[in-house]
Amino acid sequence: MSSSGSSHPFLLTGFPGLEEAHHWISVFFLFMYISILFGNGTLLLLIKEDHNLHEPMYFFLAMLAATDLGLALTTMPTVLGVLWLDHREIGSAACFSQAYFIHSLSFLESGILLAMAYDRFIAICNPLRYTSVLTNTRVVKIGLGVLMRGFVSVVPPIRPLYFFLYCHSHVLSHAFCLHQDVIKLACADTTFNRLYPAVLVVFIFVLDYLIIFISYVLILKTVLSIASREERAKALITCVSHICCVLVFYVTVIGLSLIHRFGKQVPHIVHLIMSYAYFLFPPLMNPITYSVKTKQIQNAILHLFTTHRIGT
């Protein structure tokens, strides 16, 4: 029996074969969800309250934290509903909207990491022009450009989902909706919907990563030319947090993309693990990495707690 995507709900299975353990698995996801909300929420609060953090680098970091919050809020309530409450049905419109926000926020995060690499490149390779290049107006324009690219680029493959017919099954072997999983259920010509995301992965994820890599090659070249050992170390430290975030994000997202596209022989549980690794690890690790590796963030945390302690 076929039905249009706009009228028929989908059924989410969570972890097929592990239904008896769903409640225990949900405890882990709940802990991770709370940690992501707390970490990124705290980071946003610090950047808002501490005027020393009102700089381009931390503006982009605030965008990164907001994106990670958005990704968690988009996926985790559905995951917990499936695993904890056994609420497996999701309306088609909600499913397609979830797929849209998951993929658009992913491309948005890639753009933010690219903008942060540009910030570090200017700060280290051309420090005398930093304030003239990264003016408030230009930083806002970069931020808006990244937002537009992320949210507009995903519209073409998502919009047709509302009009496709879905036959045989409306079951998704997951706890949330991904475009590549939904499209497999459509009984229509989905060539465009399969090719377009692959092109996006190359021209956004891969290209962004290559530009970031090249920028850090140039940064390293500049750092090695600094005579003072102390200044070299100081310059490198300012990049460590960003490099860690870049590695965590691109390893998980490109790994997930490759498995979905070429991993037909890979066990389904591996697909699930890679999906959850992407949705959990970058949002969890980004605030931790910046809190541990960035002196300004550490000072802001101390200032925040000291101020509140004195106030009480």
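FYI, residue positions are counted from 1 along the chain as it appears here.
Placement of Cβ uses the backbone N, Cα and C atoms for every residue, glycine included.
Within 10 Å of the C-beta of Cys187 (disulfide bond) we count 11 further C-beta atoms, all protein chains included. Summarising the annotation, Swiss-Prot assigns disulfide bond to Cys95-Cys187 and lists sequence analysis as the type of evidence.
Looking at the topological domain 'Extracellular' (1-23) alone, the prediction's average pLDDT is 78. Look at Swiss-Prot and you will find 1-23 (among others) tagged as topological domain 'Extracellular'.
Same-chain neighbours of the topological domain 'Cytoplasmic' (45-52): 58-59, 61-62, 65, 296-297, 299-301, 303-304, counting only residues six or more beyond its ends whose CB sits under 8 Å from a CB of the stretch. Residues annotated as topological domain 'Cytoplasmic' in Swiss-Prot, with sequence analysis given as evidence: 45-52 (among others).
Feature annotation from Swiss-Prot assigns topological domain 'Extracellular' to 74-97 (among others).
Annotation comment: Swiss-Prot describes 119-137 (among others) as topological domain 'Cytoplasmic', evidence class sequence analysis.
Within the chain carrying the topological domain 'Extracellular' (159-194), a Cβ under 8 angstroms from the stretch's Cβ atoms is held by residues 1-6, 8-16, 75, 78-79, 82-83, 90, 92-93, 95-96, 98-99, 102-103, 260, 268, 272, 275, all 6 or more beyond its ends. Taken from Swiss-Prot, the feature topological domain 'Extracellular' covers 159-194 (among others), and the record attributes it to sequence analysis.
For the topological domain 'Cytoplasmic' (216-235), residue counts in helix, strand and coil come to 16 helix, 0 strand, 4 coil, using DSSP. Annotation source Swiss-Prot lists topological domain 'Cytoplasmic' at 216-235 (among others), citing sequence analysis.
Helix, strand and coil counts from DSSP across the topological domain 'Extracellular' (257-271) read 10 helix, 0 strand, 5 coil. Taken from Swiss-Prot, the feature topological domain 'Extracellular' covers 257-271 (among others).
Swiss-Prot lists 293-312 (among others) with the feature topological domain 'Cytoplasmic', giving sequence analysis as the kind of evidence.
Beyond the ends of the transmembrane segment (24-44), by six or more residues, the same chain brings 14-15, 18, 61-62, 65-66, 68-69, 72, 76, 79-80, 83-84, 280, 283-284, 286-288, 290-291, 297, 301 to within a C-beta distance below 8 angstroms of the stretch. Summarising the annotation, Swiss-Prot assigns transmembrane segment to 24-44 (among others) and lists sequence analysis as the type of evidence.
Look at Swiss-Prot and you will find 53-73 (among others) tagged as transmembrane segment, backed by sequence analysis.
Residues or ranges marked as transmembrane segment in Swiss-Prot: 98-118 (among others). Within the chain, the transmembrane segment (98-118) has long-range Cβ neighbours (under 8 A, six or more residues past its boundaries) at 57, 60-61, 63-64, 67-68, 70-71, 74-75, 78, 90, 142-143, 145-147, 149-151, 153-155, 158, 161, 176-179, 182, 197, 200, 204-205, 208-209, 211-212, 215-216, 242, 245-246, 249-250, 253, 279, 282.
Feature annotation from Swiss-Prot assigns transmembrane segment to 138-158 (among others).
Nonlocal intrachain contacts for the transmembrane segment (195-215), taken as residues 6+ away from its ends with a CB within less than 8 angstroms of a stretch CB, comprise 103, 107, 110-111, 113-114, 117-118, 120-121, 149, 153-154, 156-157, 179-180, 246, 250, 253-254, 257, 261. Annotated transmembrane segment per Swiss-Prot: 195-215 (among others), in sequence order, evidence recorded as sequence analysis.
Swiss-Prot lists 236-256 (among others) with the feature transmembrane segment, giving sequence analysis as the kind of evidence. Long-range contacts of the transmembrane segment (236-256) within the same chain, counting only residues at least 6 positions beyond its ends with a Cβ under 8 Å from a Cβ of the stretch, are 64, 106, 109-110, 113, 116-117, 120, 123-124, 201, 205-206, 209, 212, 216, 219, 223, 274-275, 277-278, 281-282, 285-286, 289-290, 293-295.
Within its own chain, the transmembrane segment (272-292) is flanked in space by residues 15, 29, 32, 35-36, 39-40, 42-43, 61, 64-65, 68-69, 71-72, 75-76, 102, 109, 173-174, 178, 241, 244-245, 248-249, 252-253, 255-256, 259, 298, 301, which lie at least six positions past its ends and keep a Cβ under 8 Å from the stretch. The annotation transmembrane segment is assigned in Swiss-Prot to 272-292 (among others) on the grounds of sequence analysis.
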Cβ-Cβ under 8 Å with the topological domain 'Cytoplasmic' (119-137): same-chain residues at least 6 beyond its ends: 56-57, 60, 215-216, 218-219, 222-223, 235, 238-239, 242
Neighbouring C-beta atoms (10 Å sphere around the C-beta of Cys95 (disulfide bond)): 24
Coarse DSSP state, helix versus strand versus coil, of Cys95 (disulfide bond): helix
